[in-house]
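Novice: Below you will find the structure I want to go over with you.
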Amino acid sequence: MQKYISEARLLLALAIPVILAQIAQTAMGFVDTVMAGGYSATDMAAVAIGTSIWLPAILFGHGLLLALTPVIAQLNGSGRRERIAHQVRQGFWLAGFVSVLIMLVLWNAGYIIRSMQNIDPALADKAVGYLRALLWGAPGYLFFQVARNQCEGLAKTKPGMVMGFIGLLVNIPVNYIFIYGHFGMPELGGVGCGVATAAVYWVMFLAMVSYIKRARSMRDIRNEKGTAKPDPAVMKRLIQLGLPIALALFFEVTLFAVVALLVSPLGIVDVAGHQIALNFSSLMFVLPMSLAAAVTIRVGYRLGQGSTLDAQTAARTGLMVGVCMATLTAIFTVSLREQIALLYNDNPEVVTLAAHLMLLAAVYQISDSIQVIGSGILRGYKDTRSIFYITFTAYWVLGLPSGYILALTDLVVEPMGPAGFWIGFIIGLTSAAIMMMLRMRFLQRLPSAIILQRAAR
């Protein structure tokens, strides 16, 4: 029992800074929306539309680079720190190549925006302008993620938290300058949010690099000599590990986007209630997602040390802590669902629907916690392909079709509206949780030599 308590303390010490960093990141998006809304409703809508395209694109790159964390954690645990610098350099090359692709996609996103049904031309122009300003921040964001993943792979999660809050503090005044045109800058409205956010991502990257260059704990890595040229073999391995994670993230984000589109014809009350419940459950998701990042680090580190039993302990502890957290957040959601809904909207119909959907959200919080922490465990074992297959099957083969049938057809019951999609979420997330656990048990039952060989790839 003592070993689980000790492991839980280590996991929470790693996870809490990640939680705070994620809160800072979420707050940046909130600040952009509020400040653009203060300028005009059209500008706020433009930022929302632009963000809905930016997120899937940048999260694809983000997911690809998540492969670095278990690689570095495993090298750190095995005492092969002299190889870390080379992996990080290749991570920067990969981030650079992916940035170019993302920037090309975002530059041409106007075709998608202008093809939206009944979109106002002025709104479309502002959304395109926002994206074309924001896309210059894509390299800065991905370079920052490489540096952050280096730190987190070495069990240093506080720097990412600090840089996140630096970014938030810089974002507010820079937004103000470019939205309203102060200090000689042009008045850009919502487009100014894109300029400001792009600049902030570069500030965060440069601040993180400054920390890494000064950190005593990374002196040996910093001083390691090696080629700065692209290494196709290393980059191929990073892509093999990272691409399934990137695709899983992409399909998860697009799932919720598709559901939002399917709910939109049902009416304002249904759309508003669905959005409130989804926004709140997204905030609660920060907790298990951050714990999953910590579990990846601990499992990778223990496997690097050659201890499959300690890796199992880290995995089981992560799941136990995650279930405890999810139970508490579910109780909180059920107890205060109406008060939470009132923070978003005071329309009685919207509040009633949102409160009902939050009950369903509370049901799936435990499944959601298990599946996301399970994904973190599998990343630690470098078993990333299974994450993609499980996520795609659970969300797109089981969850979305079930939700569609329940919400919009009478094949099983009378059309349930948004609640049907939320039951679909429960089916999808519960299926993902079960499959993640089965895969984890399969891996952990392999001979230790095979587990360690797979982890050392």
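Even glycines carry a Cβ here, placed using N, Cα and C.
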Novice: Is it true that Swiss-Prot lists Glu82 and Leu266 in the same topological domain, i.e. on one side of the membrane?
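Specialist: Different domain labels for Glu82 and Leu266.
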Novice: Using Cβ distances below 8 Å and needing 3 or more such pairs, separated by at least 6 in sequence, tell me whether the transmembrane segment (127-147) contacts the transmembrane segment (243-263).
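Specialist: No, the stretches stay apart by this measure.
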Novice: Below 8 angstroms Cβ to Cβ, which residues of this chain, lying six or more residues outside the topological domain 'Cytoplasmic' (371-386), approach it?
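Specialist: Residues packing against the topological domain 'Cytoplasmic' (371-386) from afar: 66-67, 69-71, 73-74, 241-245, 248, 285, 288-289, 291-300, 303, 311, 314-315, 318-319, 322, 394, 429, 432-433, 436-437, 439-440, 443, 451, 454-455, 457.
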Novice: Taking the transmembrane segment (387-407) as the first stretch and the transmembrane segment (418-438) as the second, find out whether 3 or more Cβ pairs fall under 8 Å, excluding pairs closer than 6 in sequence.
Specialist: yes
Novice: Thinking of Cβ pairs under 8 Å, which stretch from 93-113, 160-180, 276-296, 418-438 has the most of them with the transmembrane segment (243-263)?
Specialist: 418-438
Novice: Go through the chain and flag residues at least 6 beyond the ends of the transmembrane segment (276-296) whose CB is under 8 A from any CB in it; none is fine as an answer.
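Specialist: Same-chain contacts beyond the flanks: 11-12, 14-16, 18-19, 22-23, 26, 69-70, 73, 152, 157, 256, 260, 314-315, 318, 321-322, 325-326, 329, 333, 340-341, 344-345, 350, 354, 357-358, 360-361, 365, 368-369, 372-373, 375-377, 379-380, 422.
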